[in-house]
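Remarks on the structure that follows.
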Amino acid sequence: MSKEKFERKKPHINVGTIGHVDHGKTTLTAALTKVLAEAHGGDARAFDQIDNAPEERARGITIATAHVEYESESRHYAHVDCPGHADYVKNMITGAAQMDGSILVVSAADGPMPQTREHILLARQVGVPAIVVFLNKADMVDDAELLELVEMEVRELLSDYDFDGDNIPVVTGSALKALEGDDSEMGRPAIIKLVEAMDAHIPQPERPVDGDFLMPIEDVFSISGRGTVVTGRVERGVIKVGEEVEIVGITDTRKTTCTGVEMFRKLLDQGEAGDNIGALLRGIKRDDVERGQVLCKPKSITPHTHFEAEVYVLSKDEGGRHTPFFNGYRPQFYFRTTDVTGTVTLPEGTEMVMPGDNVKMTVQLIAPIAMEDGLRFAIREGGRTVGAGVVSKILD
């Protein structure tokens with residue numbers, strides 16, 4: 001049987017459910033697929049299909065993630081749901097499933113709980129642009145004032161982490177009732193309302209091709225009589241022949257002009273996001289440029305050595321360290337295409353970090369890397385991955 005062609009009629013958005021264990025994330029995921037399959041076509045997925053999520057490997061880390069899709073009036077959503085708390089932490093830090101927005105699920109019967117807070121913090125640290133809230137299990141709360149109180153608590157918690165708590169949409173309902181086909185206000189209409197809030201509140205992400213040109217350099221060749229060629233996959237934006245570009249990272253930033261673009265041995269006028277290209281650079285010697293630098297639009301990205309990061313440390317079972325590490329730990333940080341040694345400073349009050357933990361840390365690299373908030377990296381020891389992280393704040 002041939003795969004049916006994916007028709008891209010509607011803009012595509014990546015979302016995911018976050019929130020405390022047993023607050024109803026997976027039930028809501030199932031309800032979204034069911035209610036929207038009835039409204040706009042598509043497949044309904046049962047709770048147990050989603051809950052038995054297959055394990056995937058992302059950057060050497062095993063993560064259990066369920067992927068479902070559904071459509072609203074105006075959008076196509078790809079939605080991730082994780083069975084366990086550890087899977088969420090890993091997923092958000094590695095960016096294995098990039099989220100354009102998150103649906104925070106809070107049980108109206110319990111209110112915000114420790115993982116509610118932790119997931120909101122992670123969403124802030126890894127740069128999730130927007131959150132909408134589903135106040136679930138509202139059928140179990142008889143008191144309208146109590147519902148209002150829980151909503152206020154959630155809004156305050158979001159504001160604590162620099163989300164717009166006052167204006168974030170909060171939809172109240174029961175995912176289970178919706179899944180059972182209940183048409184009362186708490187049931188299916190609440191799911192429709194949630195999706196309308198997602199359509200309105202989660203912004204359309206910029207397409208990679210619309211960003212500022214950036215290409216991590218993977219290899220460097222010199223072609224006699226023509227000059228130096230750097231190769232790599234264009235991460236975002238477009239590079240046209242004749243345009244000025246900068247080489248950023250490791251050493252001092254240099255400016256040059258791209259005098260040729262080739263792909264599959266053919267000469268092109270331009271290369272764009274997703275293309276694997278070779279770019280010919282004017283006046284650059286083979287030794288002036290190296291793997292680990294980036295080619296980019298001038299002034300669009302700057303080199304840095306000092307940053308804060310949110311990091312997940314692999315457990316022993318995942319092939320990580322068998323022992324904890326301490327302040328002053330000096331592993332390699334693998335950014336895009338290369339390793340750079342760095343020194344770790346742990347937060348005050350944190351003596352050590354155990355395999356399987358996630359931790360906020362400050363890192364000082366021995367050489368600068370073209371960096372921006374949200375950049376992902378791996379932590380390695382002798383070529384073996386022992387952690388994964390994301391830059392949450394550039395310090396200098």
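Glycine too: its Cβ is placed from the backbone N, Cα and C atoms.
Model, not experiment: these values are computed from the prediction.
As stated in Swiss-Prot, the feature region 'G3' covers range 81-84 out of the listed 49-52, 81-84, 305-308. Swiss-Prot lists region 'G2' at one of the ranges 60-64, 85-89, 95-99, 140-144, namely 60-64. Sequence-distant contacts of T26 (Mg(2+) binding site), defined by Cβ-Cβ distance under 8 angstroms and a gap of at least six in the same chain, are T17, F47, I50, D51, A66, D81, P83. Per DSSP, the region 'G2' (60-64) is made up of 0 helix, 4 strand, 1 coil. Scored by C-beta pairs under 8 angstroms, the region 'G4' (136-139) has its highest count with 19-26, from the stretches 19-26, 60-64, 81-84. Beyond the ends of the region 'G3' (81-84), by six or more residues, the same chain brings 16-17, 21, 25-26, 29, 50-53, 63-66, 68, 91 to within a C-beta distance below 8 angstroms of the stretch. Under 8 Å, Cβ to Cβ, and six or more positions away along its own chain, K25 (GTP binding site) finds T17, I18, G19, D81, V105.
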